[in-house]
Amino acid sequence: MNRQSWLLNLSLLKTHPAFRAVFLARFISIVSLGLLGVAVPVQIQMMTHSTWQVGLSVTLTGGAMFIGLMVGGVLADRYERKKVILLARGTCGIGFIGLCVNALLPEPSLLAIYLLGLWDGFFASLGVTALLAATPALVGRENLMQAGAITMLTVRLGSVISPMLGGILLASGGVAWNYGLAAAGTFITLLPLLTLPRLPVPPQPRENPFIALLAAFRFLLASPLIGGIALLGGLVTMASAVRVLYPALAMSWQMSAAQIGLLYAAIPLGAAIGALTSGQLAHSVRPGLIMLVSTVGSFLAVGLFAIMPIWIAGVICLALFGWLSAISSLLQYTLLQTQTPENMLGRMNGLWTAQNVTGDAIGAALLGGLGAMMTPVASASVSGFGLVIIGLLLLLVLGELRRFRQTPPVSDAG
């Protein structure tokens, strides 16, 4: 990586064929899952005219994802990771085919949608954990920051493209097209993934899966460094749940429908800028301190967001949150991968990803509770400034993370 450039170096895609294969598979997978994410709520709403039923499907899928992350972490530390990745992707695609067939029936089954949502949520997250655990072996630990930034860009780009494509397909061909293309995309991802090298796990004693997962929890709690990283990740994810207040805040700012879309686009845009300008981040000597400061700064941006007098200033605050949270997330990912023993990478990646899922749900619930007691402006500000106070306390308490120093890696990617 060029030490003189703040811009992200994409040369890793050229020099590491295995990572390039993962990049292609991940992008296609994100677009496929995005098509699914648009189709399922629309189909359930059309069938039931009940927002509660739509919410139930999201909750069930989220629960299945959480279990899949836990199980996937154990499997990724026990079995050859390439096999786990391929099995999870292929099985997930079968579920998409089931949704497509169900949508083509004269009377689609609501129960089938719920059950297949559980199926796909479980196997999709199972494969994600194994892929995360395999990344250090694919790119080398010295290139993890660069790989993480490229992955973040992939996710953001795919998350923008897939809802737009999904909406066009719904308008022109109905939900069956979304499901069918999602299934096709998922099976297409198997082609680049088949080119991956074998990804064996370190030898370790066989033990009960629950005991293996408990060992990961003990490691997390016993390590001030890894535990602090996981805690910060959960808090940042909680802060991002402020999006549940966008519709109410948009009314107070008297925003048009088109302008409301800018609120939803601001955080992904800021995160993309953060990833694009992360070229020097891997060479920081004190990544823990930068992580803590950027996290507190992101909370401050959320606190200021709602009290801005005009909506444009609010959008700028959200973009700032996206940028700072991207810096924090990239450092979390890199330190987690480099400081976790190889034989625990699967389980720790599963726990770290799971806290993102649960943190978002907890944040949304807390904001909903605050919204019942105070105005949307007050709810967003109280949550943001409350997290600032917690962040400042953690800046003092997490001494090992704050003082952590590393030797800047010498990348062979560029």
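Cβ from N, Cα, C; glycine included.
The topological domain 'Cytoplasmic' annotation in Swiss-Prot covers 1-21 (among others). Remote same-chain residues near the topological domain 'Cytoplasmic' (1-21) are listed as 135, 138-139, 143, 146-147, 149-150, 153, 192-193, 195-197, 275-280, 282-283, 411-414 (criterion: CB distance under 8 Å, separation of at least six residues from the stretch ends).
Among residues of the same chain six or more beyond the transmembrane segment (22-42), those with a C-beta under 8 A of the stretch's C-beta atoms are 13, 54, 57-58, 89, 96, 99, 103, 113, 117, 120, 124, 131, 135, 138, 150-151, 154-155, 157-159, 161-163, 165-167, 169-170, 175, 178-179, 181-186, 188-190, 192-193, 196. What Swiss-Prot lists as transmembrane segment is 22-42 (among others), and the listing cites sequence analysis.
Residues belonging to the topological domain 'Periplasmic' (43-55) score a mean pLDDT of 85 in the model. Here Swiss-Prot flags 43-55 (among others) as topological domain 'Periplasmic', drawing on sequence analysis.
What Swiss-Prot records for 56-76 (among others) is transmembrane segment, and it gives sequence analysis as the kind of evidence.
Taken from Swiss-Prot, the feature topological domain 'Cytoplasmic' covers 77-83 (among others), and the record attributes it to sequence analysis. Residues 130-131, 133-134, 193, 196-201, 204, 206, 212, 343-347 of the same chain lie 6 or more positions beyond the ends of the topological domain 'Cytoplasmic' (77-83) yet place their CB under 8 Å from a CB of it.
Per Swiss-Prot, the feature transmembrane segment maps to 84-104 (among others).
Residues or ranges marked as topological domain 'Periplasmic' by Swiss-Prot: 105-109 (among others). Within its own chain, the topological domain 'Periplasmic' (105-109) is flanked in space by residues 43, 47, which lie at least six positions past its ends and keep a Cβ under 8 Å from the stretch.
As annotated by Swiss-Prot, transmembrane segment applies to 110-130 (among others), with the evidence given as sequence analysis. Cβ atoms under 8 Å from those of the transmembrane segment (110-130) belong to residues 33, 36, 40, 43-44, 47-48, 53, 56-57, 60-69, 71-73, 75-76, 81, 84-85, 87-89, 91-92, 95-96, 98-99, 102, 346, 349-350, 353 of the same chain, restricted to positions at least 6 beyond its ends.
Per Swiss-Prot, the feature topological domain 'Cytoplasmic' maps to 131-156 (among others); the stated evidence is sequence analysis.
Long-range neighbours of the transmembrane segment (157-177) within the same chain, counting only residues 6 or more positions beyond its ends whose Cβ lies under 8 Å from a Cβ of the stretch, are 26-27, 30-35, 37-39, 42-43, 100, 103-104, 265, 268, 272. Per Swiss-Prot, the feature transmembrane segment maps to 157-177 (among others).
Cβ atoms under 8 Å from those of the transmembrane segment (179-199) belong to residues 17-18, 20-22, 24-26, 28-29, 31-33, 35-36, 39, 80-82, 85-86, 89-90, 92-93, 96-97, 99-100, 103, 134, 137-138, 169 of the same chain, restricted to positions at least 6 beyond its ends. Annotation comment: Swiss-Prot describes 179-199 (among others) as transmembrane segment, evidence class sequence analysis.
Only residues 6 or more beyond the boundaries of the topological domain 'Cytoplasmic' (200-218), in the same chain, are considered here, and those with a CB under 8 A from a CB of the stretch are 70-71, 73-74, 76-81, 342-344, 346-348, 350-351. Annotated topological domain 'Cytoplasmic' per Swiss-Prot: 200-218 (among others), in sequence order, evidence recorded as sequence analysis.
Residues or ranges marked as transmembrane segment in Swiss-Prot (evidence: sequence analysis): 219-239 (among others).
What Swiss-Prot lists as topological domain 'Periplasmic' is 240-256 (among others), and the listing cites sequence analysis. For the topological domain 'Periplasmic' (240-256), the residues of the chain that approach it from at least six positions outside its boundaries are 263-264, 267, 302, 305-306, 310-311, 314, 321, 325, 359-360, 362-364, 366-368, 371, 376-377, 379-380, 383-384, judged by C-beta separation under 8 angstroms.
Per Swiss-Prot, transmembrane segment is recorded for 257-277 (among others), and the stated evidence type is sequence analysis.
For 278-287 (among others), the entry in Swiss-Prot reads topological domain 'Cytoplasmic'. For the topological domain 'Cytoplasmic' (278-287), the number of residues in each DSSP class (helix H, G, I; strand E, B; coil) is 4 helix, 0 strand, 6 coil.
In this chain, the transmembrane segment (257-277) lies in contact with the transmembrane segment (314-336); the count of Cβ pairs under 8 Å, excluding pairs fewer than 6 apart in sequence, is at least 3. By the Cβ criterion (distance under 8 Å, sequence gap of 6 or more), the transmembrane segment (379-399) is counted as touching the transmembrane segment (219-239), at least 3 such pairs being found. By the Cβ criterion (distance under 8 Å, sequence gap of 6 or more), the transmembrane segment (56-76) is not counted as touching the transmembrane segment (257-277), fewer than 3 such pairs being found.
With respect to Cβ pairs under 8 Å, the transmembrane segment (357-377) is most closely packed against 219-239, considering the stretches 84-104, 219-239, 257-277. Using a Cβ-Cβ cut-off under 8 Å and counting only residues 6 or more beyond its ends in the same chain, the topological domain 'Cytoplasmic' (131-156) has close neighbours at 1, 8-10, 12-13, 16, 18-19, 22-23, 26-27, 30, 73, 76-77, 81-82, 85, 196, 199, 268, 271-272, 274-276, 278, 281-282, 326, 329-331, 333-334, 337-338, 342, 345-346, 349, 353, 409-413.
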